[in-house]
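Copied over from TrEMBL:
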- A:25-47: transmembrane segment (TRANSMEM)
- A:59-77: transmembrane segment (TRANSMEM)
- A:83-104: transmembrane segment (TRANSMEM)
- A:146-163: transmembrane segment (TRANSMEM)
- A:170-192: transmembrane segment (TRANSMEM)
- A:286-307: transmembrane segment (TRANSMEM)
- A:319-346: transmembrane segment (TRANSMEM)
- A:352-370: transmembrane segment (TRANSMEM)
Amino acid sequence: MSYLEYNLKTAPTGLSKIFHLNWPVILLLTAVSCVGFLMLFSVAGGSLTPWVEPQMKRFALGMVLMFLVAMVPIWFWRNMAGVAYLGSLALLLLVELFGAVGMGAQRWIDLGFMRLQPSELTKFTLVMILAAYYDWLDVKKTSRPFWVIIPILLILVPTYLVLRQPDLGTAILLVAGGGIIMFLAGVSWYYFAGVVASGVGAITAVFKLRGTEWQFLKDYQYRRIDTFLDPSSDPLGAGYHITQSKIALGSGGWTGRGFMQGTQSRLNFLPEKHTDFIFTTLAEEFGFVGGVSLLTLYTLIIFFCVVSALRNKDRFSSLLTLGIAATFFLFFAVNMSMVMGLAPVVGVPLPLVSYGGSAMLVILVAFGLVQSAHVHRPR
Amino acid sequence: MKRTAKDSEFSSRKISRRGLIMGGAQLAFVGALGLRMRYLQVDQADQFRMLAEENRINVRLLPPARGLMFDRNGALLAANEQNYKIVLVREDAGDVEEVLARLAQLVPLTAEDLERATREIYRRSPFVPVTVADRLRWEDISAVAVNAPALPGVTPEVGLSRGYPRGQDFAHVVGYVGPVSDYDLERLNDPDPLLQIPKFQIGKSGVEAKLEHELRGKAGHRRIEVNATGRVMRELDRIDGEPGANIQLSVDADLQNFIQARLAGESAAASVIDTETGDLLAIASSPSFDPNKFVRGISVADYSELTENKYRPLAGKAVQGTYPPGSTFKMVTALAALHDGVVSPEDTVYCPGYTYLGGRRFHCWKRGGHGNVNLHDSLMRSCDVYYYELAQRVGIEKISAMARLLGLGERHDLPMSAVAQGLAPTKDWKRERHGEGWQVGDTLNAAIGQGFVLASPLQLSIMAARLATGRTVTPRLVKSINGVEQPSHAGTPLGLNENLLRQVRRAMFDVSNSRRGTAFRSRIVEDAFRMAGKTGTSQVRSAVVRNQDVPWEQRDHALFVCFAPFDAPKIAVSVVVEHGGGGSKAAAPVARDIVLQALYGGLPPLAAYPAADHERIREMQRELPLRNPSSAEDGKDQA
């Protein structure tokens with residue numbers, strides 16, 4: 001029973017909720033998705049198939065789901081947090097056991113009409129369970145060791161399962177996203193200092209153990225890190241992705257080569273141009289102006305979410321909104337860092353722009369939660 | 001559990017503070033991303049744009065047409081023949097086996113060809129054109145073009161390949177081309193990117209090899225846009241290369257053809273030089289081979305047939321072969337002695353048929369001896385003892401110096417393979433080479449063109465030309481390159497006493513015009529074309545046995561050098577018939593036929609020959625395997 005339920009008199013009911021939605025966020029999400037359609041159209045060589053059409057259908061489905069989720073009061077979702085979390089863990093176990101093998105990693109379950117990536121789902125169910133946990137937890141106990149270990153376990157269990165797949169990108173997002181919620185909830189700075197210190201130790205260990213029986217990462221993951229540190233070491237092998245994507249970005253210049261004129265993507269020099277590396281096509285064809293515009297759209301989404309969260313007096317709603325915004329931020333920040341050669345290639349898609357059903361649906365549903373929190377905020 | 005409003009206020013403030021920290025951190029990161037984007041896209045744009053261009057633009061070389069070769073009258077010696085071939089693109093063909101089976105019904109394809117083509121097709125990327133059939137006739141190509149709808153992915157193409165219309169006549173002069181090899185790359189050390197084209201054809205021997213640089217031309221290129229897998233998307237531009245230079249040789253193709261035919265059946269060589277310009281009119285070597293076979297890739301059987309032939313068809317004997325010049329060297333010895341003043345033309349030497357030196361007996365070829373001989377008699381009748389005497393008086397150094405002055409023992413600069421230097425021996429040379437001192441006996445042997453002296457047919461013809469003109473006639477093989485006339489060498493005076501030279505020439509005239517001359521039977525009776533010459537018979541073995549009684553390899557070489565017409569020399573000719581026996585019997589008649597052919601510019605009338613020879617000459621002229629003039633420009637029947 002929280003503070004929220006005593007102040008419901010002013011919360012809108014019925015269809016009038018639609019007027020109280022966070023419309024700027026909805027418009028921004030639509031704008032970003034449209035940029036995605038445009039780029040998928042371009043990389044397909046000016047064709048709606050094979051990518052734009054399914055992506056549009058998923059966007060439509062995602063929007064419907066977002067509205068449905070937004071209509072349901074936020075406290076229902078808070079009560080469902082545990083179920084959602086356990087459900088996504090179960091799905092992760094399912095891919096571990098039965099998942100199809102795609103691109104050398106077990107990542108998705110075939111639902112017939114689409115392929116579901118439980119790891120995508122987990123990013124947001126983790127945010128939910130952590131927000132619910134800190135909503136339930138007495139604020140004074142937040143920094144006590146025992147109450148710190150519980151959320152850490154909540155983070156590490158799905159992280160372990162994701163790493164088993166193996167999917168380093170998602171694992172990093174899970175840890176970072178979970179960590180951010182703990183930080184927002186008010187866990188003492190000392191813990192974070194400790195984590196940074198041990199993180200440095202862990203990275204050292206990861207590299208020290210390389211080549212031994214206990215090596216922590218897969219060989220290809222090590223190679224990606226090597227390549228990141230020195231892309232020119234293997235320009236036609238593992239460094240190919242980074243080198244080619246930098247060439248594409250750089251050749252865009254101020255205003256780009258024009259829509260559908262990017263030679264890098266047009267001529268297939270770019271790897272995975274419709275998924276993880278789609279930003280390079282945008283940057284090549286629309287240049288610095290196009291790249292900064294997309295970055296601005298993303299930033300505005302975060303901005304409106306943060307504003308909504310800070311004005312929301314409900315602890316769960318506030319943490320959930322900030323957590324989802326942070327995860328969304330991590331998505332595009334890691335993806336852009338990767339294609340600009342600031343981070344290793346870890347396989348994180350550009351949210352709402354990259355081709356991919358699970359990510360699109362899951363992100364829109366997550367923003368449904370943000371909307372629900374916004375609509376049902378105490379007034 | 002119920003929470004107080006104060007708790008909520010507290011937690012809310014904390015979330016606000018940390019939320020702002022997070023938002024600020026995110027904003028900072030976004031700023032960093034923006035800066036990075038600016039760095040890549042604006043600051044380094046030029047560099048990356050260049051890299052992108054390199055990525056997509058591929059330069060394909062366009063091989064230039066190789067320069068042609070002509071004879072002095074414009075007859076084609078080396079041509080670029082249109083070569084029809086059929087290429088297949090796998091991805092367009094669909095069912096490759098089916099298409100190939102249909103193709104095999106239209107053009108001649110062996111099972112082996114099909115298998116090789118199929119293997120190649122599947123080894124390459126699906127969009128790469130693979131040559132299925134090569135060197136097809138126009139009719140085959142037409143058949144394929146007509147049936148194009150049933151042959152998806154099949155395209156006829158036209159390329160150029162080297163052909164030698166004159167077949168084996170110029171195999172040793174023009175040479176042949178072949179695909180560039182690793183050895184060639186190392187040998188040439190040439191950065192020309194054309195050489196990197198697989199199977200690019202470069203000159204392997206003869207003028208083709210020596211003037212490779214002029215003949216090759218400059219590569220053109222076309223820039224094409226390719227994607228990451230190398231597929232050609234479109235052509236951006238095309239710059240045609242420069243074709244190789246056309247080269248006109250000084251040789252006369254019809255004369256060369258006559259000589260090759262005349263020498264057929266012998267292992268022999270002949271050289272004809274224009275005494276006025278030094279132009280080489282013919283450089284023949286027999287037997288020869290068909291250079292077209294080398295261009296196409298000669299079969300092992302054909303090649304071993306060439307290498308195992310004891311007549312050595314692959315060797316260009318006219319410039320590569322060196323032989324003891326025998327008595328043809330006597331003019332050298334005579335002039336050396338005369339110029340040194342140790343003998344005058346009228347001085348006589350008694351020839352008893354031999355001479356003694358240090359207890360060794362040196363024979364004259366004539367057992368009974370020649371009696372008293374002066375310069376004129378000694379040359380006309382080829383007395384050896386006279387030259388043994390001269391040699392002792394003048395010494396080897398002066399003889400060798402005279403030999404070099406007349407063009408022997410010197411490598412003449414011709415664009416042909418392995419041009420031989422020959423040998424005009426000196427005392428120093430023998431000490432260096434054999435580690436022994438020079439013996440007077442060596443001088444005696446050298447005086448009659450035996451022993452260490454070696455000369456090629458080319459050098460002997462130059463010697464004859466220099467004797468005829470008294471000038472430093474220098475051979476020229478390349479008449480013009482791309483229409484630019486190459487310098488010819490009328491030569492400068494040799495610095496020899498004209499009176500002495502005239503006496504030597506007069507004696508040479510009598511060799512083939514005096515009843516007592518060694519080549520009297522090979523005289524020319526047409527007054528305008530009288531020739532002056534000298535026979536030579538160089539020993540291969542030391543024992544004196546009749547030639548008919550020994551195997552071919554041990555018989556004497558027959559030589560003859562001459563110039564004509566005597567009054568106003570135009571040409572000088574040398575003929576060497578390996579193991580042909582006596583020079584007067586085996587070489588002089590050939591030389592006469594060549595002289596007449598050259599001076600008449602075609603088959604000579606019988607009136608130019610002595611009456612007794614008419615029947616035999618008519619027979620020979622009829623039987624001569626000359627090339628049919630009607631097919632002169634068509635090299636394919638020789639293939």
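Please read every residue number as a count from 1 along the shown chain.
Just so you know, glycine gets a Cβ as well, placed from its N, Cα and C.
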Inset, instruction - Look at every Cβ pair spanning the transmembrane segment (A:146-163) and the transmembrane segment (A:170-192), keep those 6 or more apart in sequence, and say whether at least 3 of them are under 8 Å. - result: yes
Legend entry - Residues from the same chain, set at least six apart from the ends of the transmembrane segment (A:170-192), whose C-beta lies under 8 A from its own: 119-120, 122-123, 126-127, 130-131, 134, 137, 139, 142-143, 148, 151, 154-155, 158-159, 162-163, 319, 322-323, 326-327, 330-331, 334, 346, 348
Legend entry - Contact ranking winner - A:25-47, A:59-77, A:352-370 against the transmembrane segment (A:286-307), Cβ under 8 Å: A:25-47
Inset, instruction - Quickly jot the same-chain residues contacting the transmembrane segment (A:352-370) by Cβ under 8 Å, restricted to those at least six beyond its ends, or write none. - result: 22, 25-26, 29, 32-33, 35-36, 39-40, 51, 54-55, 58-59, 61-63, 65-70, 74, 77, 108, 114-117, 120-121, 123-124, 127-128, 274-276, 278-279, 282, 294, 305, 308, 320-321, 324-325, 327-328, 331, 335
